Amino acid sequence: MRPAMQNIAKSSFNNCLRLSKPSVQRSVIAFSQQSRSTSSKPNYEGHVPLSWFQTGLLTVGSAFMAITNPRRGDMVAALGETTAGPSLSWLRDQMLGSAEGRKILKERPRVNSSTVSMDQLAQLPDGTLGKAYVTWLERCGVTPDTREPVHYIEDPELAYVMQRYRECHDFYHCICNMPVNVESELALKWFEFANLGLPMTGLAALFGPLRLTPQKRARLFSEYVPWALKCGGSAKSLITVYWEERWTQNVEDIKKELGIWDAPPARWSRPLSEAKEAAERRARQASEGASNLKTPNA
C-alpha cells in the first residue's frame, strides 16, 4: 500500500481501537488480520487488495481528507475507487455496446506525455481536436501526467475503466471549453455525474460548492448546473470515445456527434491568444527539431 494510504488507514484503524474496550480491540484486530489474509494477492500491477473492513476505513479516511483538502489528489482518487460500486460495471457495459468502446477495452490506451506527442498535436491545423487539446493544456498550465494510478479496484478490467475516466477528464474540459478552477471543476463534476454516473462525481458536486463564495455558488447553480445536467444527461457516454483516434477531426464536428455544447462563459486565468502563441511556438520548435535531424552533417 502506498505510504499516504497506509497512514490514513492506520490512523483511522488506531482511532477506532482507542475508543473501544479491550475485548472489542482484540476482536477487531483478529478480524482485520483474518480479512487481510484472504485478500492479499494483487490482481494487476499496482493493485492493493483490501478486505471490506479495510475498504470501509479507507473510504472514511479518504472522504475526510478529500473534503478538508481537495488538493489531495491521492485521497480524492481513493474515494472514487472505494465508492465506485456497480457504476464501473455499467460503464464497461456502455463501452462494450459500441465498436469504439470495445476497441478501447481491447487496446487499453493510456493518455500521458509518453504515449501522446504534444509536439505533433501542436502542428495540427487549427480547429482539430489535437490542436485544441494542446492549446487547452497550455492555457491551463497542466499536463496529462498528473493522474493517480488505480489501486483499490479488484477487477483488472474495471480498474482500467476507472483509469480511462481519469485520463480522459481533461478531454471533457477541452470539449466543453472549461478552464481549471474550483467553480468550473464543480460544474464538470455535475456534467460527469449526469453523463457517467460515478458516485464520486456526485459527492464532489454536492459537497464541493460549500467551499465557494455565495456569489460563485449562486452562479454555479443558476447557470452551470442546469447546463451540466441537460448537456451531460443527453450527450453520448463519453467513456466510449476513443479520443486518441480523433486528433485530426474537427472539434465542432465531434461536439455535434456527441451532442455537446459549450458551457456558460467561464473565468480563465490566461488569455486564449497567449495559449495559441505557446502552442504555435511548440509547433515551430518541433518542426525545426525534425528538420535538424534530417539535415546530414557536413
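Cβ coordinates are placed from backbone N, Cα and C, and glycine is handled just like the others.
Automated prediction, rather than curation, is the source of TrEMBL annotations.
TrEMBL assigns the feature region 'Disordered' to one of the listed ranges (2-28, 137-163, 272-298), namely 272-298. Other than the site residues His169, Asp170, His173, Glu185, same-chain residues with C-beta atoms no more than 8 angstroms from the centre of those residues' C-beta atoms, the Zn(2+) site, are Phe171, Tyr172, Cys174, Met178, Val180, Leu188. Sequence-distant neighbours of His169 (Zn(2+) binding site) (same chain, 6+ apart, CB under 8 A from its CB) are Arg147, Leu188, Glu192.
Most Cβ neighbours within 10 Å, among the binding-site residues Asp170, Glu185: Asp170 holds that distinction in the structure as shown.
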